[in-house]
Amino acid sequence: MNDGLARLFFGVGLALMIGWVLVIGRVIIQPVVMSVIVAYVVLGLAELIGRVPGLGGIPASLRYTAAVIVSFGAMALIVWLIVQNVTQVAALVPGYQDQVLALIQRGAVALGLDDEPSWQSLRRDLVGYLNLHRVILGSVISVMSIIGTFTVILIYAGFILLEQKAFANKIVCMSDQPSKVNQIQQVIRDVNSRIGTYLVIKTLINIVLGVASYAIMLLYGIEFAGFWAMLIGLLNYIPYVGGVIGVALPSLLVLLNVGEIWPVVVFVLVMCIPQVALGNFIEPWLMGNSLNVSPFVILVSLVIWTSLWGIVGAILAVPIMAILVIIFSEIDSTRPIAVLLSKDGSLA
């Protein structure tokens, strides 16, 4: 077996092994990765506060404290919204289930299927399939798991922030070769700069998107507008499909309440206005080419990480791929891979 074939064989084997570990160990690994992301958001927010005119003179300790309070408070608010609204939705699900069946029956009548002998059996099957009450009750049971995971993430993130300064000293002690130490420090600086900037800007954009969506849904009188707005903001972390899913969920609620197509179409168009404005104009203007990852690579990464870790993987797909590009670009043997993964081939 020649060297090239051997490297390919061992590379594929290593990739499969890593994927296997990520799947079976996701209960442990996911909170650790999420805590690192939270730490990046806190540090990036603290730096952003320092850049605001008039706030640059605030001591770093106060800026970091304010960033921790804001970030952890926002996460607590998100968890509280999930817990509160899941319980309320569970109480209203039977009514929505009847509306879903009525809507399907109207569609069957329009298609001339209402007189078919199979319609009653189809309806019985749909009642079993669309037992949303059972699904939501399962979600209520998992609320304690959400709270537990949230607590673990906050604890991990707190320790990461406390050990931030000590970590720099550990890097210096890792090697007695200054060039190696400098290379590692450069990689860390690039990762901190690009990923920190991406996460902070993306988070601020998602907050603006959530507020705009909340205002629109409030005007339409949609139930649980705050919950849907929060969900839209979270799903917007997912590239390409997150915004579509975020708009689809409240649109389905409008369809169930109104029962007509055209009001739903108008609602979707109105909801897309902040999505398009922020995603196509504001976000590219603020971020520029900071991530330098090919859109096709992001799409493939989204599929891979979603299959491994579900919605958490979908949210983390972009930061993880950006980190890999930075690391690959600093290693001579993997630099060609970084070029292929980059947006335009430039690694500067």
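Every residue, even glycine, has its Cβ placed from backbone N, Cα and C.
Feature annotation from TrEMBL assigns transmembrane segment to 5-22, 28-50, 62-83, 135-162, 199-222, 228-249, 261-282, 302-328.
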Subject >> Contact call for the transmembrane segment (28-50) and the transmembrane segment (302-328): at least 3 Cβ pairs under 8 Å, seq gap 6+ >> reply: yes
Original post:
Would you call the transmembrane segment (302-328) and the transmembrane segment (228-249) in contact, using three or more Cβ pairs under 8 Å, pairs 6 or more apart in sequence?
Top reply: yes
Original post:
Near the transmembrane segment (199-222), which residues from the same chain, at least 6 beyond its ends, have a CB less than 8 A from one of its CBs?
Top reply: 37, 40-41, 44-45, 47-48, 228-230, 232-234, 236-237, 246, 250, 253-254, 257, 267, 270-271, 274-275, 278, 282-283, 286-287, 319
